[in-house]
Amino acid sequence: MAESAPEAEVGVGRVSGALVAVAREISAVGGGAAAEIGADRLRLARKVSLLSHLLEEIAGFAARGGGIPAAAAAAAEGEASSSTSSSAAAADPVARLEELLVALEAAKRLLLVGRGSPLPPSENASDTEGKNIAVQFQYVTWLLEKALAELPYEYFEISDEVQEQVLLVCAQLKRATEKNGIPDAELFPEIHDLLSCYEKELKQRAANESETLQIKNIVDGNHDLRETVMLIAKINGKSNEVVEELTSFVIERLEKAKTTNSLKFVGPDCDVVKKTSEEDKKSESLVIPADFLCPISLELMRDPVIVSTGQTYERSFIQRWIDCGNRTCPKTQQKLQNLTLTPNYVLRSLIMQWCEENGIEQPSRATTGWIRKSDGSFQEVSGDRAAIEALVRNLSSLSLEERKSAAAEIRSLAKRSTDNRILLAEAGAIPALVSLLSVKDQKTQEHAVTSLLNLSIYDHNKELIALAGAILPIIQVLKFGSMEARENAAAAIFSLSLIDENKISVGSTPGAIDALVDLLQSGSARGRKDAATALFNLCIYQANKVRAVRAGILSPLVTMLQDSANNGAIDEALTLLSVLVSHQDCRVAVTKVNTIPILIDLLRSGQPRNKENAAAILLALCKKDSENLACIGRLGALIPLTELTKTGTDRAKRKATSLLEHLSKLKVL
């Protein structure tokens, strides 16, 4: 039964206060360095901190007395249609908030467990404790994404900008959930539902010896599943006394539902290769165990992966097999149900262990190295590790000249190849370079910020740079550095903001957008271009559009539009304006700075692409504004628009035709 409106208001106030408190605790735990709690968990803490605006708006809703919208009020009285999912969700808003609270509390427990464990789960995959944390990490990420997706935003009167921010966080959480490929993840919904109803079901279940024995047999037959359920129960805050009973309960229900019979764990825990005494003897005689050999190449595997049939191959050979158009398993000849290659972490760990025990050079220690990527797989890289590590050490030298020289060399190395970017990051170059951004010597600053720019070309490094706290120091270089350093700082911001989460982080950093606007207005030709590119990318996020207008972006844009000698500047200005006018407040501001006459002039004499963008911007300004529409009519837009419908690009023709239709309707009125 749904709660009445007053009960809901009280419940919302109670839970919203708890949500804000837990979120603050998580932010405090995540305030440390990645080395303290692990990079994955630090990323999770940063995502939770991005929800602060959402939680503040919910708390504000509760403080106002929870002015319940009509649809939600009807739902509370039982009058809302059950076919409307949003109304159904709003019918029990407190329950939705409580689910979010459960998810945040689980996240807090995970972060507290991570303190003192310097490696993130993905880097501990070969260790039992590391794999356990990986399961809990993925469950918490899934749970948080689920809770946010089911929140009734209309009920709580959440603003559009905050909803957009939450959507970006949800997308990040979803990618994180899918990234590590934990085999038990497909069971999370069932386990979650059964945990939710555990106490209710437990009271109805007869506790007798025969049933206890039956449950024990089920648990013993599902060791991997049992471990997963226990880990999830613990991260949900269940005490040690009830975890065992709860685990038995969940597995029994899964067994009855025949869930476990239809699921095959395609992952490390079901492909554990155990050495028999006979294999140990073979190891002693340096005979490579058969399970360690790729069925295709018959060579020792360095990056073993599992295909959909459950067989394991060396990644490069099975990928080549698939790339040649083959869709069957080479060993079994069964059809591959999908082309997913799942890393076999445990087998790789056993291979590494066997190599170490038998004095054989391990793949990761060879001149050609192996680096673990963000998806858990290994990538082969080549380079002089010793030289790179020496350079990174020099970044912390007491001698400024040595630090400057090392930064200059790293700048050059990071520009040359992806392998260098990976090896430099692995050697710890990123935090050392971030520290150099604050030195007084401008040339050292320039080398450091340019090195970070070049390192960020490799996608995984974008996250590492943000996690190292580079955004604020880069903004300082953007404000006060040499012109070349400012140019490269702007380019670095563009590169980092290709990740959605960083669009929010950069945009909310005080002075970031102001510094870019300043470079757009007074920088060199290259600096203006870099600033325009960075601002365009940042303004894809709605809140940053308003920040850009407040920072004064329209003044340099109007100047650029009037620079008839520089078609590139006009193109950049139009591209930025086309993004800004998708926001209502920005449309009003654009109109006030008298851009409409300039845009109509571009319709008459601009390049084809400029005419197209000018028409698109005019349509956005006039579509729901009869005053602007009348203005373009008075300024003689009819003739160039008519011409554009005949000679323009396809997009230009569509925009011009739509504007003419609106003008025609205005004349009729």
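Cβ atoms here come from the backbone N, Cα and C positions, even for glycine.
When the domain 'U-box' (287-361) is classified with DSSP, helix, strand and coil residues number 25 helix, 12 strand, 38 coil. Annotated domain 'U-box' per TrEMBL: 287-361, in sequence order.
Across the repeat 'ARM' (428-470), DSSP helix (H, G, I), strand (E, B) and coil residues number 31 helix, 0 strand, 12 coil. Annotation source TrEMBL lists repeat 'ARM' at 428-470 (among others).
As annotated by TrEMBL, repeat 'ARM' applies to 511-553 (among others). Within the chain, the repeat 'ARM' (511-553) has long-range Cβ neighbours (under 8 A, six or more residues past its boundaries) at 160-161, 164-165, 168, 471, 475, 478-479, 483, 486-488, 490-491, 493-494, 497-498, 500, 503-504, 559-560, 568-569, 572-573, 575-576, 579-580, 582-583, 585-586, 589.
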For the repeat 'ARM' (428-470), could you work out the same-chain residues 6 or more beyond its ends whose Cβ comes under 8 Å from its Cβ atoms?
34, 39, 42-43, 46, 373-374, 388, 391-392, 395-396, 400, 403-404, 407-408, 410-411, 414-415, 418, 421-422, 476-477, 481-482, 484-485, 488-489, 491-492, 495-496, 498-499, 501-502, 505
